[in-house]
Amino acid sequence: MEMALEIDEDSDNNKGSMWDLDQKLDQPMDEEAGRLRNMYREKKSSAILLLRLAFQSLGVVYGDLGTSPLYVFYNTFPGGTFALYSLLCRHAKIKTIPNQHRTDEELTTYSCSTFHEKSFAAKTKRWLERHVSRKNALLILVLVGTCMVIGDGILTPAISVLSAAGGIKVDHPRMSNDVVVVVAVVILVGLFSMQHYGTDRVSWLFAPIVLLWFLVIGGIGIFNIWKYDRSVLRAFSPVHIYRYFKRGGRDGWTSLGGIMLSITGTEALFADLGHFPVSSVQIAFTVVVFPCLLLAYSGQAAYLMNNRDHVVDAFYRSIPDSIYWPVFVIATAAAIVASQATISATFSIIKQALALGCFPRVKVVHTSKKFLGQIYVPDINWILMVLCIAVTAGFKNQNQIGNAYGTAVVIVMLVTTLLMTLIMILVWRCHWILVLLFTGLSLVVECTYFSAVLFKVDQGGWVPLVIAAAFLLIMYVWHYGTVKRYEFEMHSKVSMAWILGLGPSLGLVRVPGIGLVYTELASGVPHIFSHFITNLPAIHSVVVFVCVKYLPVYTVPEEERFLVKRIGPKSFHMFRCVARYGYKDLHKKDDDFEKKLFDSLFLFVRLESMMEGCSDSDEYSCLFGQQSERSRECLLNSNNSTGNTTSSNIDSTNFSTVDSIVPVRSPMHANFTVRSSGQVSSQTETHELEFLNSSRDAGVVHILGNTVVRARRDARFYKKIAIDYVYAFLRKICRENSVIFNVPHESLLNVGQIFYV
């Protein structure tokens with residue numbers, strides 16, 4: 001056994017050193033006991049944390065599922081998706097906007113699989129990538145599911161709040177139904193009006209409310225089973241399923257549309273699982289949710305066995321009179337929690353669609369500094385409110401809204417199952433037999449429910465179809481216009497030969513300052529630049545092409561945000577900076593973006609000069625972290641001078657002649673001093689850094705392209721309608737790029753151009 005003993009130089013502190021050492025050697029059992037105690041405490045604290053998360057998951061995950069007892073029996077007897085698509089986009093080239101770059105795969109949050117050439121997954125991948133029509137079909141499938149989730153965000157508040165408010169009429173039978181509708185509308189207006197505060201300020205109330213709600217409905221269920229009919233528990237036998245359908249015939253089959261509502265909320269569980277560990281969600285479901293729901297439904301069934309004419313208001317009529325109004329208040333609060341969950345989910349999915357170019361530009365606001373996913377979309381919020389009030393006031397009863405709700409839920413589940421099939425093949429690499437088994441069993445159950453809700457299309461089930469069709473038209477037309485605009489930019493980008501032919505001054509007057517030219521292209525010089533310098537024979541002394549790009553990942557770490565490139569020789573002073581975001585990230589309004597952009601640019605110049613000083617030639621063999629011995633030695637020398645380390649990925653390229661790319665880390669993560677072996681490169685670096693600083697001090701101008709898309713004269717009539725009317729209208733009413741990029745109005749310069757499709 002080896003032991004290191006550190007003796008303090010102070011003699012007073014050394015007096016008990018040997019005694020302490022002897023004591024430690026004489027107490028091995030005490031140390032072991034202490035270690036065991038610490039392990040016990042850690043396990044105890046982790047168990048407490050798990051229970052705490054399970055408690056919190058009640059409010060976030062199970063709010064919608066828990067309020068289903070409010071309306072299931074009435075509708076049974078009436079007389080998440082872009083995240084999956086983004087995951088698929090990482091494992092197969094199915095994005096219709098081809099703005100991917102190989103450096104994107106080097107992100108720490110970007111994971112993709114490689115397949116054996118003859119594997120079933122590889123064959124499926126090639127089959128998807130082979131034809132554009134298959135990519136478009138998959139996109140349409142995703143958009144249909146997304147539109148149904150948006151419809152869910154409209155129907156959930158309507159049916160939950162209206163069902164809760166309906167308790168007023170049960171206690172006052174002579175009250176007009178219009179009063180219930182007015183109360184529901186007032187609650188809905190208040191709910192949507194408070195969205196701008198965000199859920200962070202009130203979310204601490206969600207879990208206690210939902211827990212209390214589950215305990216109440218479970219307790220009421222036990223009371224009703226004991227009081228009215230204990231034999232109802234025999235319904236758990238599968239034999240009664242057969243007897244039910246045999247006795248009910250077509251009415252029994254169509255009642256599945258109402259039974260479908262008992263699992264509403266499960267279609268959004270995939271989106272909510274990201275906030276909690278799986279074990280905490282399982283504990284909450286097993287200990288609280290599932291038992292209480294079974295008791296609640298069994299209790300209502302027992303009550304209906306003796307009161308079959310009360311099926312319309314089964315939940316409220318089965319409540320004991322002594323606790324009626326307290327339960328009414330709890331039910332209303334639980335309905336608000338369920339509504340809040342679906343509204344937040346709608347904001348989230350709109351943000352994801354916006355990041356993938358499938359939704360018009362809208363303002364997105366972060367409502368929490370602690371939680372990344374808590375956002376507020378003002379435009380969508382008020383649209384949801386108007387549509388929700390229209391549905392509530394238009395139907396005035398739970399039955400038709402319930403039919404509409406069931407249609408939306410079952411279609412979302414069908415889309416999710418189809419996407420999960422591809423996930424199992426391409427991401428999880430499951431055996432094809434397991435994939436077939438999962439898909440077959442899931443589709444049997446879901447198609448059974450789907451066939452039931454088809455009978456209720458004319459009884460309110462048409463509502464989500466109309467809502468989904470409207471949003472699908474908007475999203476697909478916007479995506480089509482975005483793709484065509486990107487294709488135009490790709491095909492008309494300026495060649496490097498043309499740029500090099502202009503010379504260092506670009507054939508123009510180079511005025512002091514930095515011009516930030518915003519473009520959607522992650523490579524090459526956009527056509528807008530040639531259009532600009534052709535009509536205005538002057539350009540800034542430094543030009544930076546800025547591309548804000550969203551990747552199919554949840555988030556991009558701040559230190560991996562920027563990619564910096566040099567365009568042309570050093571004397572041109574032209575760069576490219578690609579700012580990468582995940583679909584949950586937000587290009588926030590702050591002064592840090594411009595500062596971080598310039599910090600990354602300066603860091604690129606230092607790193608470039610360092611690599612030149614450490615190389616015997618102008619060519620570098622540094623490919624994605626695989627550095628040559630010479631360059632690695634240079635990095636070590638530079639790191640030793642400051643004690644810090646950095647890692648960067650550099651293409652094998654000549655910096656002075658081609659469009660090179662260097663992912664640079666934020667200066668706070670990579671801060672080093674360059675030690676050049678050549679005096680010339682050091683002087684060049686100092687000169688260029690001084691030039692960049694003086695240019696920035698002279699002023700920064702943001703140059704944005706305003707590209708107008710129009711249909712050709714010989715285009716088909718539906719293309720003219722889609723491009724000249726629908727897309728043009730959407731561009732007119734959506735947020736400007738200057739607003740999305742938070743560009744100061746006083747330093748903004750718009751450059752317009754028109755192209756025809």
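Keep in mind that glycine also has a Cβ here, set from the backbone N, Cα and C atoms.
Listed features, source TrEMBL:
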{"type": "COMPBIAS", "residues": "1-11", "note": "compositional bias 'Acidic residues'"}
{"type": "REGION", "residues": "1-21", "note": "region 'Disordered'"}
{"type": "DOMAIN", "residues": "79-499", "note": "domain 'K+ potassium transporter integral membrane'"}
{"type": "TRANSMEM", "residues": "136-159", "note": "transmembrane segment"}
{"type": "TRANSMEM", "residues": "179-197", "note": "transmembrane segment"}
{"type": "TRANSMEM", "residues": "204-226", "note": "transmembrane segment"}
{"type": "TRANSMEM", "residues": "252-271", "note": "transmembrane segment"}
{"type": "TRANSMEM", "residues": "283-303", "note": "transmembrane segment"}
{"type": "TRANSMEM", "residues": "323-350", "note": "transmembrane segment"}
{"type": "TRANSMEM", "residues": "371-393", "note": "transmembrane segment"}
{"type": "TRANSMEM", "residues": "405-427", "note": "transmembrane segment"}
{"type": "TRANSMEM", "residues": "434-455", "note": "transmembrane segment"}
{"type": "TRANSMEM", "residues": "461-478", "note": "transmembrane segment"}
{"type": "TRANSMEM", "residues": "498-518", "note": "transmembrane segment"}
{"type": "DOMAIN", "residues": "512-754", "note": "domain 'K+ potassium transporter C-terminal'"}
{"type": "TRANSMEM", "residues": "538-556", "note": "transmembrane segment"}
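Only residues 6 or more beyond the boundaries of the transmembrane segment (538-556), in the same chain, are considered here, and those with a CB under 8 A from a CB of the stretch are 83, 85-87, 89-90, 95, 99, 104, 107, 109-110, 274, 355-357, 372, 506, 508-522, 525-526, 529, 532, 567, 573-585, 587, 597, 601, 691-692, 695-696, 698, 701, 741. Recorded stretches compared: 136-159, 371-393, 461-478, 498-518; the one with the most Cβ pairs under 8 Å to the transmembrane segment (179-197) is 371-393.
Proximity of the transmembrane segment (204-226) to the transmembrane segment (136-159) is not established, fewer than 3 Cβ-Cβ distances being under 8 Å for residue pairs spaced 6 or more apart. Recorded stretches compared: 136-159, 323-350, 461-478; the one with the most Cβ pairs under 8 Å to the transmembrane segment (405-427) is 136-159. When averaged over the domain 'K+ potassium transporter C-terminal' (512-754), pLDDT in the model lands at 70.
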